[in-house]
Amino acid sequence: MEIFITGLLLGASLLLSIGPQNVLVIKQGIKREGLIAVLLVCLISDVFLFIAGTLGVDLLSNAAPIVLDIMRWGGIAYLLWFAVMAAKDAMTNKVEAPQIIEETEPTVPDDTPLGGSAVATDTRNRVRVEVSVDKQRVWVKPMLMAIVLTWLNPNAYLDAFVFIGGVGAQYGDTGRWIFAAGAFAASLIWFPLVGFGAAALSRPLSSPKVWRWINVVVAVVMTALAIKLMLMG
């Protein structure tokens, strides 16, 4: 149980920093749009990354130690780029805050042709079908963005191999899997908490002023994480 708790705490410490995934989860929670798809991508990705990190850390560090350095510097570049984008958004006069998706009843024009009760009903049905199709597709873009921000983020591999795999390796063959399970438990708690919490607070969090400050915090945290990675070398 102690190993599990240690993994849980390490996983939580990695998640507490405002990273690209967290920002996306918050934004989609505020929009109430594609949140479940984003959460599933984040959680399923963590399963594969933690398994890869637990299995591959010894092989990678012994066979190709330079790969860890490449991932570290790639993570630094990625974090600095994300920090610059957040700072740019914070400094612009018009900050684009996520908008809440309101559900509205489709309307039919008043000039419906005579005898148009059936026509109006048919029109409403067609509009409802179109709205339903749009709602079905609305999760695709956030899901693809979650995949990109997870799997093209060098820092994700660094966390999986160096922190989850590297620290977990000291607990032996069985203990490292318990450690990884604890780290995943942190993800299982964190992502839904952040996403649904953002949805519950969507109205105050939709303010451009609030998002200007969020972008400032994101820029500072991303820069601090990049500096921390530099010092690890």
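Placement of Cβ uses the backbone N, Cα and C atoms for every residue, glycine included.
Straight from Swiss-Prot, the features:
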type     : residues : note
TOPO_DOM : 24-65    : topological domain 'Periplasmic'
TOPO_DOM : 87-143   : topological domain 'Cytoplasmic'
TOPO_DOM : 165-176  : topological domain 'Periplasmic'
TOPO_DOM : 198-212  : topological domain 'Cytoplasmic'
TRANSMEM : 3-23     : transmembrane segment
TRANSMEM : 66-86    : transmembrane segment
TRANSMEM : 144-164  : transmembrane segment
TRANSMEM : 177-197  : transmembrane segment
TRANSMEM : 213-233  : transmembrane segment
Of 66-86, 177-197, 213-233, whichever stretch has the most CB pairs under 8 A to the transmembrane segment (3-23): 177-197
Beyond the flanks of the topological domain 'Periplasmic' (24-65) by 6 or more, those residues with Cβ under 8 Å of it: 97-101, 138-143, 145-147, 149-151, 156-157, 159-166, 168-169, 176-177, 179-180, 183-184, 187-188, 191-192, 194-199, 201-202, 205-206, 214
Tertiary contacts of the topological domain 'Periplasmic' (165-176), as residues 6+ beyond its ends and Cβ separation under 8 Å: 3, 7, 10, 52-58, 61, 183
Average model confidence [pLDDT] within the topological domain 'Periplasmic' (165-176): 82
